[in-house]
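Notes follow the structure.
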Amino acid sequence: HQLSSMHISSTQPEAMEEEEPLFSNLDLFLFTLIAGLIIYWFMSRKKAEPIPEFKQAPSTRETSFIEKMKKTGRNIVVFYGSQTGTGEEFANRLSKDAQRYGMKGMAADPEEYDMCELSRLAEIDNSLAIFCMATYGEGDPTDNAQDFYDWLQESDGELNGVNYTVFALGNKTYEHYNAMGVYVDKRLEELGAKRVFDLGMGDDDGNLEEDFVTWREQFWPAMCEHFGVEASGEDSSIRQYELKEHNDINMNKVYTGEFGCLKSFETQKPPFDAKNPFLAPVIVNRKLNKAGNRHLMHLEVDITGSKIRYESGDHVAVYPTNDTAIVNKLGQILGVDLDTVISLNNLDEESNKKHPFPCPTTYRTALTHYLDIIHPPRTNVLYELAQYATDPKDQENMRKMASSAPEGKALYQSFVLEDNRNILAILEDLPSLRPPIDHLCELMPRLQARYYSIASSSKVHPNSIHICAVLVEYTTKTGRLTKGVATTWLKNKLVADNGHKSTVPMYIRKSQFRLPFKASNPVIMVGPGTGIAPFMGFIQERGWLKEQGKEVGETVLYFGCRHKNEDYLYQEDLEEAEKTGVITKLNVAFSRDQEQKVYVQHLLRTNKEDLWRQIHTDNAHIYICGDARNMARDVQTAFYEIAEELGGMTRTQATDYIKKLMTKGRYSQDVWS
């Protein structure tokens, strides 16, 4: 950009030196002729045929949620910050609930509206803003709530007269548990808004669904009291969408798995993002482990010509599809022709969300590409489907599971969660339950993209992205084999499938997990199992920097696996990198190769003097990647202990010391549970 603009400015003075008239008569004549021809062509052009019915919602969207609420007589708005769809799902449930209490609600994505209008909410009688806020990464807002978060931080707006409540979605295993929900709750109060119900804390490490149901069952009675309204007793199921079957539709107008624009998988146009993923051909798919009963894999996808850029430490998001065998079984059990072309149209014509997934499409495409049919269904799905069970006992149990009665909660916990029943298993085990497939499709959550830490450096591999993953497969208590949706799908992505190239719909999600700006800073990487992924990129990049003649600091890796001869991932690459001095020290913990289990945190303690020097004296950056529940905690504790012992600190001081490193961006985590 800069080069071209400099080039233009440097040529301007030359043009100005000439004093001749700008246009000769011939120029004027030709100019008029050309202009006339252009106008004629425009006038005579045949208007493009408008495509009936299935236009994308017009882009001149109403960005004022206040005007929308006034126009449609709503008094409750439920904003959601959602990365994997759960926050959005909860928001939809709450806005639907409002109807049962004689109020009108709408779920709203803060990214689509002008949030500085929040102060105007007081213009609407008995109004309330509910916030379902998930926390992502290291206490960060979700992508769709980033602008709202920035606005809250910078705003000094007056929110007097605005009633609000917050339900936070998080996971206790993470350092910054529910940071986003807690912040929104506190900040809105600071800006003068009135908290009308206590902050709800949802913990996905425990039972997020139960936390939400419990909070919601206390929230609504409190609201009725606050606004002086009574529940309408309308506890029947309320449909949000109506079914339209298309018998003689042109198949070119039917979605086959795309997300944004129709046919976007056939004609790919950048930029590529969550709504417009790039179909990247798979160029490598190999098994990483030499033995053992697990399947660890390394994939490489080709991004040539896509204009996609990535940095080491970023995440690649991929959109998997469901297992065709499960989709077919659902069709059989519900007695449906899965190739029927349908649309589910929102009954609320003012809603921004015209359909629950891209329509028109077939049931087969919806169940394969768009809907999550593998996760155990949430209680609201059971509640809404209960009416279709012909056995009164089944009906009663399904309703009971959706209540907050202790007996109902225990039943949901055991029958659905512990037994890990997906919707197919529930239908198989409750033979009296045969709901209409369109209602089932309306209630199922959307199938989400899966994020993987990129295992390559764009300095070394500008045209490919590497993924390292482990196949998820286990048998449930009911004896069913359950397979991870994305890892099963990735495993089956053969490089050339019957002469066809296998492709993976993907896009990049930027992360904060970055190598230090100064290459001379030491780097300490801790990543057991597939937690090695981003460090393969880091090691490649440090090697590249070395080749460029840069002064590169110590590069130390702590890797862990079960057995040296089974699952020592990337062994040859790592040993080669140590031999050439790219890795200064390679520390590997083989947890099950001896009687006493040895993990990465044990190796950290063994090397405590070196580590303390690197951190305290040499300004090292520490990176942790992998399991959040145990590993990341144990590793953090090991760092506390080293700071206590070698820094002469108390535990409180040591904790503060590590927290300071986090704030400075010198202790980064890329963890999952």
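In case you wondered, yes, glycine gets a Cβ from its N, Cα and C as well.
TrEMBL does not curate its annotations; it predicts them automatically.
Features as listed in TrEMBL:
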TRANSMEM  22-43  transmembrane segment
DOMAIN    76-220  domain 'Flavodoxin-like'
BINDING   82-87, 134-137, 169-178, ASP204  FMN binding site
DOMAIN    275-516  domain 'FAD-binding FR-type'
BINDING   ARG294, THR530, SER591, ARG592, LYS597, VAL598, TYR599, VAL600, GLN601, ASP634  NADP(+) binding site
BINDING   ARG450, TYR451, TYR452, SER453, CYS468, ALA469, VAL470, TYR474, GLY484, VAL485, ALA486, THR487, TRP672  FAD binding site
C-beta crowding around ARG294 (NADP(+) binding site), within 10 angstroms: 16
Distant-in-sequence Cβ neighbours of LYS597 (NADP(+) binding site), under 8 Å, six or more positions away: SER591
Residue among binding-site residues ARG294, ARG450, TYR452, GLY484, TYR599 with Cα closest to the Cα of SER82 (FMN binding site): ARG450
Binding-site residues compared (ALA134, CYS468, VAL470, ALA486) - highest count of Cβ atoms within 10 Å: ALA134
Most distant Cα pair in Å, residues ARG450, TYR451, TYR452, SER453, CYS468, ALA469, VAL470, TYR474, GLY484, VAL485, ALA486, THR487, TRP672 binding FAD: 23
Per-residue pLDDT averaged over the domain 'Flavodoxin-like' (76-220), given as an integer: 95
Site extent for NADP(+), whole Å (max Cα pair distance, ARG294, THR530, SER591, ARG592, LYS597, VAL598, TYR599, VAL600, GLN601, ASP634): 24
Subset of binding-site residues (GLY85, ALA134, ASN171, TYR177, ARG294, TYR599) lying within 10 A of VAL470 (FAD binding site), CA to CA, in sequence order: ARG294
Cβ packing number for TYR177 (FMN binding site), 10 Å threshold: 17
The domain 'Flavodoxin-like' (76-220) - residue tally per DSSP class, helix then strand then coil: 64 helix, 35 strand, 46 coil
From binding-site residues ARG294, ALA486, TYR599, the one whose Cα lies nearest TYR174 (FMN binding site): TYR599
Subset of binding-site residues (TYR452, CYS468, ALA486) lying within 10 A of ASN171 (FMN binding site), CA to CA, in sequence order: none
Count of other CB atoms lying within 10 Å of the CB belonging to TYR599 (NADP(+) binding site): 18
Sparsest-packed among the binding-site residues, when each Cβ's other Cβ atoms within 10 Å are tallied, from TYR174, TYR452, TRP672: TRP672
Residue among binding-site residues ALA134, GLY137, TYR177, GLN601 with Cα closest to the Cα of ALA486 (FAD binding site): GLY137
Nearest of the binding-site residues (GLY85, GLY137, TYR177, GLN601) to TRP672 (FAD binding site), judged by Cα-Cα distance: GLY137
